[in-house]
Amino acid sequence: MTSSIRPLLAGNWKMNGTSESLRELRAIASGIDSDRDRCFEALVCVPATLLSRASDILSDENIFLGGQDCHFNDSGPHTGDISACMLKEAGASHVILGHSERRTDYRESDAIVCAKVKAAWRAGLVALICIGETLEERENNTVLDVLAQQLKGSVPAGAMDHNTVIAYEPRWAIGTGKTPTSEDIAQVHGFIRKEVSHRFGDEGHKIRLLYGGSVKPSNASELLETSHVNGALIGGASLKATDFLTICNIYRKL
């Protein structure tokens, strides 16, 4: 962790959850105290269908609400898409962009991610930008080159700590139960910090860097104590209040 940066624990529900799942969100909200938990911030990114109701649940809570993607246009003939403005109106303050599943399933390029980030900023949303290498790229020892290109292509000029969060999520670790070693994560996060600091100056020193990829209660302590890690992007473990709150409790003790 970087002690001067307030960490962020971000849950990503992905394409999971119905109205019944909001019970878990209520439990998460009940388990996070705004006075006690000033040592970190919490964010839950739910499916778009749940945003409005989730916003009602979290309206008086110390938890941020996020979307999972947005279009790069503010409106128009884009059937099935959702704009950043719509997310904002539904109660979101953040949006995940460039997630590995979007990059893989929909062939989203760095340029598309960059355009979406700009749309998020226009709407007043914080962009949580994901970058990460494939297993092949890791085996070919091109991880840092890949990440440098993704940072350059996906993060627009104007990134600041109040409008940008960057999550390192190695694609091969998403949903597999596998994670890099803490040494590998520290190396990568140190590299990312160097890159954003060089490009954005003082703001680059303050942008939060999250780790994402099979984060769960059993490995959270080791991951969150790793150098240059300012929080986590949590997938499956954010669907159950007990798991998410266990990770929050681990953070309280660090």
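Placement of Cβ uses the backbone N, Cα and C atoms for every residue, glycine included.
Gly175 is the only one of Gly31, Gly175, Gly190 that Swiss-Prot places in the substrate site (with Asn12, Trp13, Lys14, Ser214, Gly235, Gly236).
Note: Trp13 (substrate binding site) has non-local neighbours Ser21, Val44, Cys45, Val46, Pro47, Leu50, Gln68, Ser238, Leu239, i.e. same-chain residues 6+ apart with C-beta under 8 A of its own C-beta. Between the C-alpha atoms of Glu169 (active site, proton acceptor) and His99 (active site, electrophile), the distance comes to 8 Å. In this structure, the C-alpha atom of Gly175 (substrate binding site) lies 13 angstrom from that of His99 (active site, electrophile).
Residues near Lys14 (substrate binding site) in space but far in sequence (CB under 8 A, at least 6 apart, same chain), listed by position: Pro47, Gln68, Glu101, Gly235. Figure note: comparing Cβ neighbours within 10 Å for the binding-site residues Gly175, Gly235, Gly236, the maximum is reached by Gly235.
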